[in-house]
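First the structure, in the form of structure tokens, and then the observations on it.
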Amino acid sequence: MKEIKIESRIKVCKMSELASDEQRLIEMAKKATDNSYSPYSHFKVGAAIRLGDGTEIIGANQENAAFSVTMCAERSAIFAAMTQYPDQPITHLAIAARNENGFMAESTAPCGSCRQVILEVENLHKQQIRLYLYGENNIYVIESIKDILPLNFDSESM
Ligand code: THU
């Protein structure tokens, strides 16, 4: 038997270490938490994405009394982009979240379903999506969803 080790590559940054357009996208994600509809979890998630042509789109989590139909912030933004700008690759995605105590101290990472959707979009446009996972203490910058979705399943897996 042999063992394989799978590693993730994540840059841990402070806001001041990021370029102004990166900071702006993160601020958009933070602002998008205002549009969260989250009367059940009270966890407000915002996402902001930038497309290849510079278009920026926001998303926020949208909850429902039937919990399972809740939509995450990331997928709200991605599906809006895919619908309105189907030919544009997504190049950047920022995520921020807050609860009753304010913005989360540590980075908020996309859930498994969102990671799978992000993977599909990366593959579709053959374009890596740089992720910014905001936390008050640090921002995780990740070059591709594949870094945090190892051993993934995609169309080539069938
Ligand atoms: N949520 C997101 O919007 N994105 C994630 O990646 C994690 C979870 C939302 C869904 C739900 O409205 C709330 O956070 C609590 O799970």
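Just so you know, glycine gets a Cβ as well, placed from its N, Cα and C.
Within its own chain, Glu74 (active site, proton donor) has Val45, Ala47, Gly59, Leu93, Ile95, Pro110, Cys114, Val117, Ile118 as residues 6 or more apart in sequence whose C-beta sits under 8 angstroms from its own. The active site, proton donor annotation in TrEMBL covers Glu74.
Feature annotation from TrEMBL assigns Zn(2+) binding site to Cys72, Cys111, Cys114. Under the three-state DSSP scheme, Cys72 (Zn(2+) binding site) falls in the coil class. Taking Cβ-Cβ distances under 8 Å and a sequence separation of 6 or more, the neighbours of Cys72 (Zn(2+) binding site) in its chain are Val45, Ala47, Asn61, Pro110, Cys111, Ser113, Cys114.
If you look up TrEMBL, you'll see 20-156 marked as domain 'CMP/dCMP-type deaminase'.
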Cβ within 8 Å of the mean position of the Cβ atoms of Cys72, Cys111, Cys114: remaining residues of the chain near Zn(2+): Ala73, Glu74, Arg75, Pro110, Gly112, Ser113, Arg115, Val117
For the domain 'CMP/dCMP-type deaminase' (20-156), the mean pLDDT of the predicted model: 98
Fewest-neighbour residue among binding-site residues, criterion Cβ within 10 Å, set Cys111, Cys114: Cys111
